[in-house]
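Listed in Swiss-Prot for this protein:
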- His594: active site, proton acceptor (ACT_SITE)
- His303, His305, His572, Asp649: Zn(2+) binding site (BINDING)
- His305, Lys374, Phe375, Asn376, Asp377, Lys378, Tyr379, Glu575, Asp650, Pro651, Met652, Gln653: substrate binding site (BINDING)
- Thr81: phosphothreonine (MOD_RES)
- Ser85: phosphoserine (MOD_RES)
- Tyr216: phosphotyrosine (MOD_RES)
- Ser441: phosphoserine (MOD_RES)
Amino acid sequence: MPLFKLTGQGKQIDDAMRSFAEKVFASEVKDEGGRHEISPFDVDEICPISLREMQAHIFHMENLSMSMDGRRKRRFQGRKTVNLSIPQSETSSTKLSHIEEFISSSPTYESVPDFQRVQITGDYASGVTVEDFEVVCKGLYRALCIREKYMQKSFQRFPKTPSKYLRNIDGEALVAIESFYPVFTPPPKKGEDPFRREDLPANLGYHLKMKGGVIYIYPDEAAASRDEPKPYPYPNLDDFLDDMNFLLALIAQGPVKTYTHRRLKFLSSKFQVHQMLNEMDELKELKNNPHRDFYNCRKVDTHIHAAACMNQKHLLRFIKKSYHIDADRVVYSTKEKNLTLKELFAQLNMHPYDLTVDSLDVHAGRQTFQRFDKFNDKYNPVGASELRDLYLKTDNYINGEYFATIIKEVGADLVDAKYQHAEPRLSIYGRSPDEWSKLSSWFVGNRIYCPNMTWMIQVPRIYDVFRSKNFLPHFGKMLENIFLPVFEATINPQTHPDLSVFLKHITGFDSVDDESKHSGHMFSSKSPKPEEWTMENNPSYTYYAYYMYANIMVLNCLRKERGMNTFLFRPHCGEAGALTHLMTAFMIADNISHGLNLKKSPVLQYLFFLAQIPIAMSPLSNNSLFLEYAKNPFLDFLQKGLMISLSTDDPMQFHFTKEPLMEEYAIAAQVFKLSTCDMCEVARNSVLQCGISHEEKAKFLGNNYLEEGPVGNDIRRTNVAQIRMAYRYETWCYELNLIAEGLKSTE
């Protein structure tokens, strides 16, 4: 596995660096001395470094450089212009025409109409000195190497283009990265049963043992007693903490903040100029594209919770329908007796006929803004937990039959719409080891299959609740309950047939809860191991994320070996809370949901752009909970070129129509004045981001969708203009090339 060679000096984080990282963390989460270290600005017009400090810093550095050997400065003479070298893919028909006097060359593509490019000449150090520019480039280069390492170890996605630049910087040949891609279950063939069990693999006979919060795999029990695990790439906590401390220090460095802030401003301004020059040409491309428009290009709801995947009217209609059909059916059990549906409503002093969407009270309103606790109460129809247990739970007296029926109806609506897909989340809490068997029995028993749905597992971060009630002895037990059954079903599928079939339909894991809840714990080498975490306090976000990633990494290696589908780590991140959440996600998450707090860190925002980390944004959800719609950074991120998609989060709480995803697109298009090309680009991003199979993506996006840039875009399927794809790709390569040029100057 081609991991990356960092110098000894770069690899070892000295005591001063670790101390600085801890100080930065303390100022971020405890508000010590303000929050300016990591979070330099909230409004993008404010420069992260004050003008006086920056002028003094540059003056000092220039004076310092004058007294040094002038060879380095001479190397920069004549380097005022940069020639953009776009790495060529094997299937690309791109040819580059070299233009000496311009920063970026103008590539010509066979499938891209001529369009007007923005070209800028002059110095490109973006407000920092030559010496600082070299430091910035080294830091950004190492940050990208860190992400690439963790993505490849866990069979998650890292784009080809940055890999090519990183290998060019290393002076190494690019290894085909397709072998590191995740594997998703292809759709069943016509007439094939999606719940078939005949092809389950045989038992491997491996032995499993959790050690330090991570499940280790042994060939047999004898090897386990000798502590000789199979040679999988197990996680190294010390390396992770060193990388984390490096990133903490990087995002707090003044020159890095200034450079990235100015590059982001440039990206935003450049896109606006591009739109002024080429908007009509993009529209002309779309008008000449037959049988394809925004309505019939594929779009995926990349972030939606199964328990709220229906709108409030749908839920109300189902409650009334179930009462009409099953009034005398026993549906609920209390300690005293079993209740029919009629008796249950009588006990609640209500009649379904009298219910309205207002009395159902599941919609988020003004009262939920900045009140996540009140938002969670909205999952209880009419404020009654009994109705939530009956209609929105998988484990109840009727074995989740009503919930399964609602989900099937939502799936049927998606099939009718044809071009909309969803990735609902089902919950595993880690309270007991039999949760997986119950959930898989519910899924397979009710035959919950929809060609327009793929599934994910969400793990709520509520260890503190379980520990306070003495359900769990320590955090390690929670991790064991979450992951051990999945390992066992992977090793011996025939003894866990339902779970093995269920796992074929799962594409990833999510980590969910209120991010604004303060932990106060900094994950470090001094942190207790999961087996030693017996206190009632909840571990930090980073602690949760690392141990989820670590187990997913080992699990993916095992499943890849067996020819099974693998899983992505796709947590909620950046909706609220500290910026360390986003820093952790940059290291180990395939993609994230929300990402609002990226607007507070230019360094992380720029890194998310360089690595093209997908972000599922939900402006309507944010509008009810954390951020007013007009202040949502969605448009800003789109203009800069971050890979964003639109999602609904919880249609039951936030939406009104039968097609909540179209409602999300419609409102965003009106508020942000999006063009058709903008919306189709976001829709294409959602398909790339999601966990549907390679075969389906090739059908929806084109056979070359794995290629980046216009070569990988089939306008006949995506309705995204080739001019837009060429602009995005050239701009991305230009920013990566700046880093490469900055590192060349240090040689």
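Keep in mind that glycine also has a Cβ here, set from the backbone N, Cα and C atoms.
Structural mapping of features recorded in Swiss-Prot.
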residue	record	Cβ neighbours (10 Å)
Tyr216	phosphotyrosine	19
His303	Zn(2+) binding site	31
His305	Zn(2+) binding site	21
Ser441	phosphoserine	18
His572	Zn(2+) binding site	25
His594	active site, proton acceptor	27
Asp649	Zn(2+) binding site	28
Asp650	substrate binding site	26
Met652	substrate binding site	26
State the Cα to Cα distance, in Å, between His594 (active site, proton acceptor) and the residue listed as 'phosphotyrosine', rounded to an integer.
-> 33
Can you figure out which of Tyr216, His305, Ser441 (the recorded positions) comes closest in space to Asp650 (substrate binding site), comparing Cα atoms?
-> His305
According to DSSP, does His572 (Zn(2+) binding site) fall in a helix, a strand, or coil?
-> strand
Where the distance is taken from Cα to Cα, which of the recorded positions Tyr216, His303, His305, Ser441, His572 turns out closest to Met652 (substrate binding site)?
-> His305
Measuring Cα to Cα, how many angstrom lie between Ser441 (phosphoserine) and His305 (Zn(2+) binding site)?
-> 20
So around the Zn(2+) site, His303, His305, His572, Asp649 aside, which residues have their CB within 8 A of the centroid of those CB atoms?
-> Ile304, Arg425, Asp510, Val512, Ser593, His594, Ala616, Ser618, Ser621, Ser647, Asp650
Taking only the CA atoms, the spacing between His572 (Zn(2+) binding site) and the residue listed as 'phosphotyrosine', expressed in whole angstrom, is 27
In Å, rounded, how far does the Cα of His303 (Zn(2+) binding site) sit from the Cα of the residue listed as 'phosphotyrosine'?
-> 31
What's the CA-CA gap between His305 (Zn(2+) binding site) and Tyr216 (phosphotyrosine) in angstrom, rounded?
-> 31
Whole-number Å distance separating the Cα atoms of Asp649 (Zn(2+) binding site) and the residue listed as 'phosphotyrosine' is 35
